[in-house]
Every structure is written in C-alpha cells, then in structure tokens.
Amino acid sequence: MAKRDYYEVLGVGKNASDDEIKKAYRKLAMKFHPDRNPDSKDAEEKFKEAKEAYEMLSDPEKKAAYDQYGHAGVDPNMAGGFGGAQGYGGFAEAFGDIFGDIFGQGGGGRRGGGPQAYRGADLRYSMEISLEQAAHGHEAQIRVPHWDDCDHCHGNGAEPGSSVETCPTCHGAGQVRVSQGFFTMQQTCPKCHGSGKFIPKPCTKCHGQGKLKSQKTLEVKIPAGIDEGMRIRSSGNGEPGINGGPPGDLYVEVHIKPHAVFERDGDDLHCQMPISFATAALGGDLEVPTLSGKATFPVPEATQSGKTFRLRGKGIKGVRSGYPGDLYVHVNVETPVKLTEAQKEMLRQFDRSVHEGGSRHSPQETSWLDKVKSFFS
C-alpha cells in the first residue's frame, strides 16, 4: 500500500509554517494516541502515520528532500540515489542503536529506560472585546476545559479492587528492541503503547485514562493596547501531558468588535465627522469624541469635504508602543435637506452673488471648468 502524502496526513498545505505543522501534529497525536484508544488498531496506525509525517516535515533537511523528491527522497533504502545527507537518517539511527547497545548510550533519537512522555496539546480560546476594552485593558473570566483525577479510580486508571501492573512485554520501559538483520531498533511497545503499564481491568468511569474532563474558570487579564488577532498565553492550562509529560498551554485569541464611531489602524484611529455647510465655509470649533473623552479642534474657513485633521496622541497606546497613536478626523460637508421655500430662495440669491463679478468662490468647480475648456479648445 502506497504511503499517503505527509502534508495530507497532517491536514496542512505545502506552504504551512513550522508552527502550523506542529499544531496539526499535536492535535492528531492527542486524538489517536494509543493510550486514548487502547483497543483501536486504526487509531494506532494513524498515530504512527502522523508521527512519521511530523518527523519528516519538522526536519528542514528531510522536508527539503521530501518536497523535491517525495517519499523517495527520505527513504533510507534509496539514500544513494540523491546524494543528500538527509537520505541516510534511517541508517544513522540504526547505527546509533548498535552503539547504544555497546557503549550504553544512543546515537540519535530518544533513548532511555522509561516510557516516552508527551507534552499535552495546546488549547485555543477565542474572545471578543470592545474597542474601549482593547484600548484601556480588561479583565474577564472564561470557562475552559480541565482534566481532574478520576474520583472513582483516584487517577490510576484501574478499577477499584484491581491494580496497575508493569507491562510484561517491555517490563516498564515503554519500548522494545527489534532486530532487523544486523541492526537493532527500538520501537514503541505494542502492548502498552509506550506507557510501560498494563491495566487488566480499566476503570469503568474514566475507561483507564485516570482523568475526567470538566470545566474551570480562569481570570484573563487583557493588556491595554492589544490589537486584533493577538494571543495571550496561559502556561500549563492546556491538555494534560501523557506518561508524565508536561501540560500544554492555553492561548486566548482576542478579536475586537466593530465600533460605531472609530476604525482602528494599528495604534491610530479614524472617524468620519459630518459638518454643516456654514461651518465648512466660515470655520469654527469642532467637538469630536475620543476614547478618553471629548476633544475640540479649530476648523479653518473654506474647509472642503474630505479634508482630514490629525489630532496627535488621541489614538491608542499599543502594547509594544511607547506612546499613543493619533486620531484622524475626516470631515464630510453635509448638504442641507428639507428646506423651506424661504431658505431655498436665500440659497439661490447666495448662489447668484458668488457667481457675479467673476469672483472664484468654488475652487474645485473653477478648476474643473478650466479643464473642460482646455479639452474642447
């Protein structure tokens, strides 16, 4: 049976980053680990397949060979075909096992007298906050998965009245030696799946896992200035490790709700501000909202629609910034609506007055007319 593509096994694209590859492997390893699926041959095969894929794609040299030549590029039996050192990885590990037998130490990979320990998988929690909370900081409580020792078996995985025994196949080592011709290899024990333990009667409540999933409340402190998509790490609050391995971490990913007034651009803020025709023409003081209260700035006379004003220091002080950003106010001149006949007549008189005597009171209109005249001349 032909091997599956390593990227397909992990469920990632060929342009996946090292972090994405690692996350995909951890997710599959926790899902299909033999300790969690003691009676499933299919899960065991998928675990081995994911482990092999990760070992190849997490090694830059092996990954480069695989990307160029496929499975043949990392097959130790075809090492001479491509002239790359990465092709000899399998043989180097085999010789490492031989030297380990002679000198009491391994030449590559994991060696040791106990079962393999695995770090727990990381967890991700998505949280949505307001722009004000992002700017000023926020404290929140979240509910996340938690694993407690099983109260039925007290965490050892065995049904009360029975006991956990040392694996009779690997004698507690978690690994067994397998001879292949002149070479001696180590592989995960097929009976205990690397735990070094054997449970004749698994706990009926936790099914031999020793832990039960529950929920717990965590306090999360969101720093002032946090931006969209940033993550906060809570060490040790991920899934528990396997065989004594350390727990994973919890990552709280922050998303910011759209704001009714402001749009954020890094540490800067932008807002659209409507102003009257009279204010734009005559000038005046304009009061605008900010995240820290109201601010006033002067609007000069003859201000055109679309003009942008910059208020320094009225933006957000980012988590990595030493000073706050700016607030950009984009003014839009509003055309008056629902006018009375008297008001309309006043505007007609005003319009006639500004066009009398050749005075140029509308710079954009005049510029446009000049362009049209030159076009037809």
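Even glycines carry a Cβ here, placed using N, Cα and C.
Note that the structure is predicted; figures quoted are calculated from it, not measured.
Per Swiss-Prot, the features are as follows:
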- 5-70: domain 'J' (DOMAIN)
- 137-215: zinc finger (ZN_FING)
- 150-157: repeat 'CXXCXGXG motif' (REPEAT)
- CYS150, CYS153, CYS203, CYS206: Zn(2+) 1 binding site (BINDING)
- 167-174: repeat 'CXXCXGXG motif' (REPEAT)
- CYS167, CYS170, CYS189, CYS192: Zn(2+) 2 binding site (BINDING)
- 189-196: repeat 'CXXCXGXG motif' (REPEAT)
- 203-210: repeat 'CXXCXGXG motif' (REPEAT)
Using DSSP, tally how many residues of the repeat 'CXXCXGXG motif' (150-157) sit in helix, strand and coil. 0 helix, 0 strand, 8 coil
Looking only at CYS150, CYS153, CYS170, CYS189, CYS192, the binding-site residues on record, which one has the least crowded Cβ, with the fewest other Cβ atoms within 10 Å? CYS150
Cα of CYS153 (Zn(2+) 1 binding site) to Cα of CYS192 (Zn(2+) 2 binding site), in Å and rounded, measures 19
What is the separation, in Å, between the Cα atoms of CYS167 (Zn(2+) 2 binding site) and CYS150 (Zn(2+) 1 binding site)? 22
For CYS189 (Zn(2+) 2 binding site) and CYS206 (Zn(2+) 1 binding site), the CA-to-CA distance in whole Å is 23
Let's see if you can do this one: DSSP helix, strand and coil counts over the domain 'J' (5-70), in that order. 48 helix, 0 strand, 18 coil
Cα-Cα separation of CYS206 (Zn(2+) 1 binding site) and CYS170 (Zn(2+) 2 binding site), in Å? 25
